[in-house]
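Below is one structure, written out as structure tokens; the observations come after it.
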Amino acid sequence: MATFPPLPMTHTRLAILARQKLPCSSKKIPRAQLIKEKEDIDYYLEQNFKGLSKEEVAAHRNSYKKSICVDMLRDGFHKSFTELFALMEQWDKLPEAAKAQSLFWQQRPLEDQPDKLDNFYHYLTRAEAAERKGYYEEVYNNLYALACYFDNSEDKWVRNHFYERCFNIAQLIKADGGKKEAEAESHMGLLFEEEGELLKAAEHYEAFHELTHGRLWKDGTGQLLNLVACESLVRTYRLLSDRMLENKDYKQAIKILIKASEIAREGNDRSMEGEASYYLGLAHLASGEYETALTVLNRYSEISTSLDDDHGLGRAYEAIAKALQSQGETTEAINYLEKFVTIARNNLQSLDMIRACTMLGDIYNEKGQYSKASEYFQQAFSTAMELMKTALMDETKVHYGIARAHQMMLAMKGYIESADSNGLNCLLSWKETRTQIEYDPILGESRRATEDNIYQLPDAEEETRRSPENQ
């Protein structure tokens, strides 16, 4: 069979270059030739595909993250590139650090989040341009905008980085009288507070408070910066005092809470002043200074009353009752706890209700008034049942059971002391059935009672029977 000669094929320059680089080619191409061929391809694309520039080709060839870095360098923002590159390196190390701690890392890589890269480019380059001109307030504003953009649980470390940058730049701003410096101190205080370094947080909040003292500066929400400083400082002092109280360092805890109370009064905020008084009163109570605790807690009670703050008033009554009980003044303590129960019931504060009823039950149980104790423990148990909290149900159930047992104890004691067959039969009958004991008038009302009668036994009679003289 006759064969036809092969048809002549014409190839473009681009196709020729591409075919020469196919992996099936056995020809080894030197590096210099590869670079030249790349330049030839770029030139060919630029000449034959109008509207597709060399930069556009690079944009399609490179990742978006690399393109952002290239743009920064091409536009002359070398400091911005250095800062962004360092943040990128740290970002890439986060999954490895999480894996070392056996944590599941869910955050996407930075190259998959173009919006964040755009914000980096926009604000970092603007900040660098302003810094070159000496416009430090504009530098601060751009860096703070980045801190606000990254203020979320995933990127908090990025936010903290820009908080530190803002703090350093704020030291150079003198035209605003120190307002930016005060804001930067506030942000650094928050940074350390969230990390649990309360002493460093207190230092920054103290500087924030000092810079805003006597100033009418306001934040973005219209709140006075001095009030924000007072609130931040009082909160940090309280957290520090909690640690001191855990370590039984009552003197230092009281000392720092007194400072918190003074700052709260300076802020002219009655609610904050009341909170400071409450925690100071608790510190005095923990240290055994009951009279001082009562004085401070009564002030908190007065403030809560003036503010119509039922929750605060209930807390005040609870703490005052504890102080009175520690002094042995149980009657006064009962009065305050009954007020606490009323407030908790009216405001549907179930946990407060359980706590108040349990405290009342304990007091009546110690006094030997078992009917009252059983009544309050039953209220606590019923409230815990409504909440369906297993731990609370178990605890209140035990208290209620003990109070019921104490009620029955007097009836059992009466039957045992009767020392006759009727009393013995009643005891045996109860042991077999564990039901309510039927009252037998033959045994006499003076020394014996059924379980029903014991539940309604006057508290005075119970206390008399329990007294050492009667025993």
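Each Cβ is built from the backbone N, Cα and C atoms, and glycine gets one as well.
For 449-471, the entry in Swiss-Prot reads region 'Disordered'.
The annotation repeat 'TPR 1' is assigned in Swiss-Prot to 92-131.
Tertiary proximity for the repeat 'TPR 2' (136-173) is limited to same-chain residues at least six positions away from its ends with a CB under 8 Å from its CB atoms, namely 87, 90, 107, 116, 119-120, 123-124, 126-127, 130, 180-181, 183-185, 187-188, 190-191, 194. Look at Swiss-Prot and you will find 136-173 tagged as repeat 'TPR 2', backed by similarity to another entry.
Sequence-remote contacts of a segment are chain residues at least 6 beyond its ends whose Cβ falls under 8 Å from one of its Cβ atoms, and for the repeat 'TPR 3' (182-215) they are 140, 144, 147, 156, 160, 163-164, 166-167, 169-170, 224-226, 228-230, 232-233, 235-237, 239-240, 243, 263. The repeat 'TPR 3' annotation in Swiss-Prot covers 182-215.
Sequence-distant contacts of the repeat 'TPR 4' (234-267), counting only residues of its own chain at least 6 positions beyond either end whose CB sits under 8 Å from a CB of the stretch, comprise 189, 193, 198-199, 201-202, 205, 209, 226-227, 273, 275-277, 279-280, 283-284, 286-287. Summarising the annotation, Swiss-Prot assigns repeat 'TPR 4' to 234-267 and lists sequence analysis as the type of evidence.
Residues or ranges marked as repeat 'TPR 5' in Swiss-Prot: 274-307. Note: the repeat 'TPR 5' (274-307) comprises 30 helix, 0 strand, 4 coil (DSSP; helix = H, G, I, strand = E, B).
Among the features that Swiss-Prot reports, repeat 'TPR 6' is placed at 314-347. Per DSSP, the repeat 'TPR 6' (314-347) is made up of 30 helix, 0 strand, 4 coil.
Across the repeat 'TPR 7' (354-387), DSSP classifies residues as 32 helix, 0 strand, 2 coil. Residues or ranges marked as repeat 'TPR 7' in Swiss-Prot: 354-387.
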The mean pLDDT across the repeat 'TPR 7' (354-387) is 89
